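**Student:** Got a structure for you, written out below as structure tokens; questions coming shortly.
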């Protein structure tokens, strides 16, 4: 399964919970959230566009850092 790394503007536990919520709702993903470094690593067959769109539902600034 491809692994992708994203930067997400998370400042607190609530922010990371929002990321977890939208990714779990999408399904078909395994992910690790690195709150101090504001990064999310996602293992998924979904396209980068779908993952970006999903992460943007949190209302946070999101950018794709590349394959991990």
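Indices start at 1 and increase along the chain as displayed.
Any Cβ shown, glycine's included, is placed from N, Cα and C.
Feature table excerpt (Swiss-Prot):
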DOMAIN    1-63  domain 'HMA'
BINDING   12, 15  Cu cation binding site
MOD_RES   47  phosphoserine
MOD_RES   60  N6-acetyllysine
**Student:** Please report the number of other Cβ atoms within 10 Å of the Cβ of residue 47 (phosphoserine).
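**Tutor:** So the Cβ neighbour count for residue 47 (phosphoserine) comes to 11.
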**Student:** Tally every other Cβ atom lying within 10 Å of the Cβ atom of residue 15 (Cu cation binding site).
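**Tutor:** Excluding its own Cβ, residue 15 (Cu cation binding site) sees 18 Cβ atoms within 10 Å.
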**Student:** Comparing the recorded positions 12, 60, which residue's C-beta has the most other C-beta atoms within 10 angstroms in this structure?
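**Tutor:** When each Cβ's neighbours within 10 Å are tallied, 60 leads.
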**Student:** Fill in the CA-CA distance, residue 12 (Cu cation binding site) to residue 47 (phosphoserine), as an integer in Å.
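**Tutor:** Spelling it out, the Cα of residue 12 (Cu cation binding site) and the Cα of residue 47 (phosphoserine) are 27 Å apart.
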**Student:** In the predicted model, what is the mean pLDDT computed over the domain 'HMA' (1-63)?
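**Tutor:** Reported value for the domain 'HMA' (1-63) is a mean pLDDT of 97.
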**Student:** Between residue 47 (phosphoserine) and the residue listed as 'N6-acetyllysine', what C-alpha distance do you get in Å?
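**Tutor:** A Cα-Cα distance of 19 Å.
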**Student:** Taking the Cα atoms as reference points, how far is the residue listed as 'N6-acetyllysine' from residue 15 (Cu cation binding site) in Å?
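**Tutor:** That separation, Cα to Cα, works out to 8 Å.
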